[in-house]
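Database features (Swiss-Prot):
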- 1-188: region 'Enoyl-CoA hydratase' (REGION)
- 308-709: region '3-hydroxyacyl-CoA dehydrogenase' (REGION)
- 116: site 'Important for catalytic activity' (SITE)
- 138: site 'Important for catalytic activity' (SITE)
């Protein structure tokens, strides 16, 4: 059996411990490595000729990407999980206790357990490469750093900085890591090992303490000051998580107890809290999302199909969506993009949009001006069909007008090659209808981005009846290169995300018309776990956009999609939402941004002809909206719009911010129990009508007591 850790000795007395997990592209820590590492550490202790130790990775671009998450699924009880954490503590404590200097030479991802391993070393040096990132992202899986990270990190970089890293899971770039004292030096990769060896030869076992501001010294250096930090952090966490995520509060407690009662006590608390989180339903749900997205990355979207390489893209339309799509094509995918618009204003908008995003990166020192300019050079513009013939994919982002899209299809088939893919960014028009104008319908596909394009992770890849497998696979690969999470859905009104969102939004509108206040509605759904409430979302998306999509969904899918008639009054009053500074909420004059203290525009109640009454329980408000979404998600599965419950969960979480701690609509139905969900729907059906009728599959599952997972 191949070893993961190999120890070599240099003539100068420095030993090099290389980690290289056999058969894997990245290093991850596994429970079975414990005895192997302990044996090597014992060997080092016995060998008096070893003057220092350097830890380095044998992988090309990865130090240690973290612990192997699948280990956690093997834990049957909290006791098993606690033993796992304690095993890590023993090994890392042993490494830290070596009486020779130990230096971590870091290149590539150094995350989670990988950073905890580096923290147990006496010093750290990392490469200045863009691939090098350091962080503890465990909170994103509903966990906490369980290998001593909650104790060593605050002692190294300070409590405030450590809490910020652990509570957000943010990844730190090399220069930032040096500034905060997380690493002792940053050097080019070519001299990384040499520098680490020199540091080990210098014989220092402790690093210089990081300089702290006077305020930080006062806060972190006294029990009273530390309590202020912890209390403030706890308040912020409670506000942000709405009590839905247990990990952040436990992270704060680990640091608090460790700083008050010492490292040993802190490690004990860390192991206990880690164990509780591993077996929590929230972490199980978040880990299921992680595994689902990892699994999806290996799929082409069309079984047996090989994607063609996309060397050039054309984007039709220089508006908000077109500019965003062009931007992620050049900056993320590094693919040349040519933007075509009928007027120069649209083109300058697209260029300005991309430049502003890149310039933010320069201002934050994430890139140099030269890198920004090189990426901008990948974007070119035209008002005519010039320089488009060699495009591999054309993404259409023009108005939602079928005749216009038909014209675009004909233009592209005339101007481009026979294999050029025509991908429409429509949010509502069926792709099959757009493809009716094509002589090569196999090349036509939907590619539905969400706004703002650079922030929203999901894209829906929509195949109509004649879309070829190669077109699907190529489009999926293209979306992944843009940094997106693509789900393949079948053609149909609203596709998947907008279809399940529409009923949720409609129900919120019904509640509003029944007298629930706007603030109460939004607060109820934020408390449930959505990033924003439904009324805020309607203002953001645009009331006019909602009004345009609703009749299409009603025509194709039936009466349950009928939007409340009262909403026509909003458009008559020229209320489109944030885009024109007039919607449900008040907006600061001129910039269309919400007022600092977000306030409802009370005049909207008069426009709708309603008067807010007594607010219902938040849980009841949220339930009515959410069960509509759950019921429709199952209908989408039955209709073949989505291929699996897994895809439905990913689409809802990454497309509309369905609460990740619930694992997605299908995971949540399993948690509730199909029988319980059917009872809730039937109760509402009796009270409010057939829009709540449970779909056939849910009724079957309720009767047979079956689950999706």
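Placement of Cβ uses the backbone N, Cα and C atoms for every residue, glycine included.
In sequence order, 88, 92, 136, 145, 147, 148, 149, 152 are the residues of the chain that are 6 or more apart from residue 116 (site 'Important for catalytic activity') and have a CB within less than 8 Å of its CB. Other Cβ atoms within 10 Å of the Cβ of residue 138 (site 'Important for catalytic activity'), summed over all protein chains shown, number 28. In the predicted model, residues of the region '3-hydroxyacyl-CoA dehydrogenase' (308-709) average a pLDDT of 94.
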